[in-house]
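Lifted from Swiss-Prot, the feature list:
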- C147, C150, C160, C163: Zn(2+) binding site (BINDING)
- 332-336: motif ''KMSKS' region' (MOTIF)
- T335: ATP binding site (BINDING)
- 578-679: domain 'tRNA-binding' (DOMAIN)
Amino acid sequence: MEKNFKRTTVTSALPYANGPVHIGHLAGVYVPADIYVRYLRLKKEDVLFIGGSDEHGVPITIRAKKEGITPQDVVDRYHFLIKKSFEEFGISFDVYSRTSSKTHHELASDFFKKLYEKGEFIEKTSEQYYDEEAHQFLADRYITGECPHCHSEGAYGDQCEKCGTSLSPTDLINPKSAISGSKPVMKETKHWYLPLDKHETWLRQWILEEHKEWRPNVYGQCKSWLDMGLQPRAVSRDLDWGIPVPVEGAEGKVLYVWFDAPIGYISNTKELLPDSWETWWKDPETRLVHFIGKDNIVFHCIVFPAMLKAEGSYILPDNVPSNEFLNLEGDKISTSRNWAVWLHEYLEDFPGKQDVLRYVLTANAPETKDNDFTWKDFQARNNNELVAVYGNFVNRAMVLTQKYFEGKVPAAGELTDYDKETLKEFSDVKAEVEKLLNVFKFRDAQKEAMNLARIGNKYLADTEPWKLAKTDMERVGTILNISLQLVANLAIAFEPFLPFSSERLRQMLNMDSFDWAELGRNDLLPAGHQLNKPELLFEKIEDATIEAQVQKLLDTKKANEEANYKAKPIRANIEFDDFMKLDIRVGTVLECQKVPKADKLLQFKIDDGLETRTIVSGIAQHYKPEELVGKQVCFIANLAPRKLKGIVSEGMILSAENNDGSLAVVMPGREVKPGSEVK
């Protein structure tokens, strides 16, 4: 039986303060969390939305070393950028703090000490990689090498970004230190571990029996971890950036970031509510909901609950809605490759269009499987749905009211059967949207809300009030009254999804406030109520705007390919006599034209110093014919003739293939006589 809670604590995964926020973060965590929180607030429920920056861990220290600054400089830069971006985008945190705060350091230290004093940790000595030149133990991200699975270079000690496989530092082939580049050695070090195996029995019961309603991807991943058998997990590591382990003999060691970061939810709450924070974390009448990405499932469903249970006074999460990953134009989003749409850049490039991105990310939400974001789909959903469906209906209803009734809501006369059917339809939508939001199906809930606008467009198209204006103004008034009630319902239904647009629509409708309980009513706007001047809610996004964004990504892709370029391996040696069999000459291009019905082929007439010969070459996608006329090219003169598209080709023009697949014809550095040999 579902329990009724007095309040809800909602957390969203703490973004890592070593870079900006991108659309993958938004789609996976922050947009769905914000939709849910706004929905609860609209229902007048007691809810707290907790956010903050995760500011400890190896990637931050690596970036600091690369830039020659301190880790604090790094986290200061990105914390404030992330916070500002969230505020501008409308992610409505009640508090957004950081794990480098004094409150967090104190609370995380006290949390560790309580578990330590209760005997909840085990101490173990193990061998870990050590950089003898830098005099430092190497955490996973400080070690790089060849991935044992896909054999790409540059894999980290915890993950290969190329193939996505989770790794241990000792898995790497030819490991090297990311600090000095030297080969690390193994050295003994002592650490504290949380024995997750000790918690396995109750975790299995709690997750697999008591939370079968969790999303299949969450439930399935938890079951997989439990079926493999839980192992002790280190809660400390050898680093100089982080929260010092608060026990004797732990000099040079800090709390592992996975242990420290989730405590940030609690410390951020304490920072906001120093006198009442425990109500939100320890009262059984409080519901705890974590919004995360799939890479955080094990930490929020197994590790953090084990920590809370071991401490003894905290509530456990009631639900952990986790999304899969969002890809970008068919490729995995990668911060290291700059393959992302960054939130702060989007806000600059698309001012006032926060809701467009919120809408598209929700429509494509990776709720049960990885999904893809493309700029063409972004444009299509804006133009064909927000503009053509939602915006079009609102504008028609408002403009017609302005035209026929001076912007005042007309009274409704006698209702037809069709009027009553329409009113019932949008009354039914409330129950469906509510049901979907309650089970975290945000994509379907938004789709259902958009159906309100579709109902409205159909109603106006079917009733055609503009045709009745000369003969039956009472009927026109009834049609527009129903249409305006539907517009008001749209403003309420879309508030969790499109808060900026709903606020603008509220002002146009001249409504004081919204209340979810009123959704579905057909008397939200009384007769005679004065509306404000209508404005367009959304505007079309032109092709040129989208092409600029696509080009930005293409430029990024090209830069990545150039940065990662490696020449192909040299082929097996050949004998000198074999090479001497090739007769490579320089010829002058007399004529050049495209080969009909062949996209890749150009036909050349070449002066080879003795005669004119024909050569067909597959470079039509890289050169225009007129670019090559008069140029000198290198070609193999003694290659056996071969027919291509019915044309006899008497040689092969030499080209160099670039890393991006483009071809560059080999030409002499200065003009020489046609027929000159290449030696």
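Even glycines carry a Cβ here, placed using N, Cα and C.
Using a Cβ-Cβ cut-off under 8 Å and counting only residues 6 or more beyond its ends in the same chain, the motif ''KMSKS' region' (332-336) has close neighbours at 19, 22-24, 161, 164, 325-326. A straight line from the CA of C163 (Zn(2+) binding site) to the CA of the residue listed as 'ATP binding site' spans 15 Å. Mapped onto DSSP helix, strand and coil, the domain 'tRNA-binding' (578-679) counts 7 helix, 43 strand, 52 coil.
Of all the Cβ atoms in the protein chains shown, 13 others lie within 10 Å of the Cβ of C163 (Zn(2+) binding site). Within the set of binding-site residues (C147, C150, C160), the lowest number of other Cβ atoms found within 10 Å of a Cβ is recorded at C150. Counting in whole angstrom, C160 (Zn(2+) binding site) lies 14 from T335 (ATP binding site) by their C-alpha atoms. For T335 (ATP binding site), the same-chain residues lying six or more positions away in sequence with a CB closer than 8 A to its CB are G19, H22. Looking only at the motif ''KMSKS' region' (332-336), the predicted model's pLDDT averages out at 87.
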